[in-house]
């Protein structure tokens with residue numbers, strides 16, 4: 001049987017190519033998912049500006065949840081270190097110098113925000129002066145070589161405020177550093193630090209003969225337990241903010257996308273094998289009649305499939321190495337992960353992808369080959385002529401189970417929060433696609449019979465060959481449903497989130513900083529402008545209520561730092577008069593759930609991990625799904641990575657606002673635009689999944705269509721002998737393809753609705769949001785997938801003379 005299985009592959013190149021392509025792309029995508037998962041576990045980030053420090057002390061990367069102490073949640077903002085600990089680190093044996101590092105936004109030109117540092121931290125790279133001297137007094141700066149000269153005076157905007165500086169030196173790094181740095185005197189660096197009394201990190205230079213690992217252990221023992229001591233490849237996390245916070249998104253992407261790939265690959269391979277097995281019923285029946293046992297027939301089909309699958313897995317692993325790096329690079333470019341994060345792709349992702357793909361192909365081949373092995377020879381010969389449009393009872397039961405799972409997931413989604421609903425809505429697409437794949441023949445037969453579709457030979461063929469056309473329908477339905485489900489779920493979420501965000505704020509004019517923040521001086525000038533009724537800075541971040549704990553865990557609440565003049569949310573208890581200091585306004589429902597009343601003290605954990613006791617001064621009637629906590633902007637800003645507000649909200653009708661370097665002036669619509677920009681980063685993942693789903697469906701469908709059409713040479717030859725012209729035969733095949741594409745779009749739309757509609761209900765919009773062109777593009781892509789390949793293979797199938805085709809089949 002092994003020799004027979006390998007020999008038969010030479011005569012079934014098209015069918016083998018379909019299986020090969022499905023396994024190839026599936027394995028490549030699994031390798032990509034494995035690489036993303038390994039990257040999330042390792043979180044390697046190569047240090048650049050701090051690369052000269054063998055040991056780095058950084059702030060706490062996250063905290064253990066009070067109700068789930070085994071789970072640690074990363075902070076969304078940079079966690080800083082108490083400046084008084086520098087001396088404690090310096091006193092540790094083996095430490096030659098402990099150098100504090102502080103970063104703050106500094107812009108030479110608007111729109112290009114760099115980072116300013118204390119010149120003392122230049123030793124952590126190290127940088128060396130090549131011209132001039134180091135800064136020692138206020139108003140002095142050292143730049144990297146190129147574009148400036150010593151003695152030049154220039155204006156540098158720091159945290160939104162322009163300052164005049166004299167260039168006293170030019171420096172060059174001994175290591176490659178991506179972002180240019182500006183170095184200031186220690187006095188200026190302390191003055192510009194986002195949060196006085198803290199530093200971003202402490203770099204440790206070792207004494208001669210000291211080992212980094214030993215010194216790191218001693219430093220760790222000398223410091224509070226919440227701080228992080230980093231060495232080796234982990235040091236980049238102390239230099240670049242956001243490394244720790246990228247772990248959960250990467251794991252979610254790898255897990256959700258990987259699961260989706262496995263299911264799609266299983267459906268495509270199963271459909272392809274089922275198609276080839278069904279087309280070979282006559283051949284398999286002859287083997288049975290010649291004495292082959294069901295087990296031998298089954299083993300032959302499985303081994304044929306696995307021979308092709310193993311080749312596809314091997315090639316897919318190589319392709320995955322190339323594809324994984326490209327996808328990760330695109331994710332970095334879109335801001336999904338920090339650019340400093342190093343992509344890790346070791347042997348484990350390859351081994352995992354190979355094992356998963358092999359097991360999936362083996363199980364799928366085993367199940368798909370069972371019907372042929374269990375059929376009696378005479379029954380198989382009959383079915384080879386007229387394929388049955390019914391499915392086995394077990395398939396019908398399984399289809400009902402998956403359909404029920406789709407309904408259950410949809411019903412559950414309606415009662416969940418926005419982020420969780422967006423995450424779990426995707427599986428409904430997969431379960432629905434599986435149900436369609438299991439019931440494919442009966443669905444095609446009944447839908448073509450009952451729907452108002454064009455009648456004719458194409459419709460008759462579609463019903464008569466429903467079992468074969470299911471192999472083409474399945475990848476198309478999967479592609480359409482995943483594309484529509486992911487895109488419209490994301491656009492619905494973005495529209496609802498943006499509307500809820502902007503509805504809570506009020507602004508006639510919005511000033512947005514392009515130079516690192518809104519300066520206090522700008523706020524005062526705007527407030528003094530005729531026609532301005534009020535102006536307040538806006539700071540946004542995320543955080544938690546720590547005492548009493550709000551249970552938000554890995555889904556921190558939005559925190560708005562804004563004055564009451566720009567807050568457009570009804571106050572149901574308390575007052576926002578004199579809103580300032582350590583105070584907070586909570587959503588009414590959140591306060592009721594936690595048993596908190598106006599006047600009580602609660603403890604907030606800001607995005608940088610700082611625990612700050614605040615007084616509840618008001619309860620707000622906030623949107624139920626996007627309820628955020630509101631604090632004064634001056635309280636929130638120091639606890640953000642930037643350390644300054646990013647926008648200024650103005651109420652009133654000023655004739656003109658003061659000209660301020662590094663700011664843009666827009667109407668109130670800029671609030672929604674800036675908020676959507678952040679959501680687009682998250683949405684890019686959904687769009688990538690949709691694109692890959694369409695690509696996968698296209699590759700699978702093209703191959704299965706080619707196999708299906710070319711296997712009908714004999715039938716098409718009979719039609720031509722009966723009087724049909726080449727054009728009529730090809731037109732019939734194109735009509736079949738169009739009907740099949742229409743069914744795929746319709747079924748895919750229905751399946752995606754089980755994701756999108758519950759999502760809309762959960763978000764309170766009731767009607768999905770999103771551009772109609774996406775739907776039209778997906779529908780057009782579906783028809784473009786099946787149309788051209790059908791035309792090409794139809795021409796190939798009718799190229800030979802009809803009598804020659806009949807003679808070959810008879811022989």
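Heads up, the Cβ atoms here are built off N, Cα and C, so glycines get one too.
Checking the ranges 422-444, 491-513, 514-536 against TrEMBL, the transmembrane segment annotation falls on 422-444.
Cross-referencing 645-673, 732-760 with TrEMBL places the feature transmembrane segment at 732-760. The transmembrane segment (772-794) and the transmembrane segment (305-328) are not in contact, since fewer than 3 Cβ pairs between them lie under 8 Å (pairs 6 or more apart in sequence). Note on the transmembrane segment (422-444): residues 252, 256, 259-260, 263-264, 267, 270-271, 387-391, 395-396, 398-400, 402-403, 405-406, 409-410, 412-413, 416, 462-463, 466-467, 469-470, 473-474, 477-478, 481-482, 485-486, 489-490, 493, 743, 747, 750-752, 754-756, 758-759 of its chain, located 6 or more positions outside it, place their CB under 8 angstroms from a CB of the stretch. Of the candidate ranges 250-277, 305-328, 465-489, 684-711, 465-489 has the most C-beta pairs within less than 8 angstroms of the transmembrane segment (732-760). Each residue in the domain 'ABC3 transporter permease C-terminal' (688-795) has a pLDDT score, and their mean in this model is 85.
Packing against the transmembrane segment (397-416) from elsewhere in the chain are residues 391, 424-425, 427-428, 431-432, 434-435, 438-439, 751, 754-755, 757-759, 761-762: each is 6 or more residues past its ends and has a CB under 8 Å from a CB in it. Annotation: stretch 684-711 has the most Cβ pairs under 8 Å to the transmembrane segment (465-489), among 250-277, 305-328, 684-711. Only residues 6 or more beyond the boundaries of the transmembrane segment (684-711), in the same chain, are considered here, and those with a CB under 8 A from a CB of the stretch are 14-15, 17-18, 21-22, 25-26, 29, 249, 253, 257, 260, 264, 268, 271-272, 275-276, 279, 327, 330-331, 334, 336, 468-469, 471-472, 475-476, 478-480, 482-484, 486-487, 489-490, 733, 737, 778, 781, 785-786, 789-790, 793-794, 796-797.
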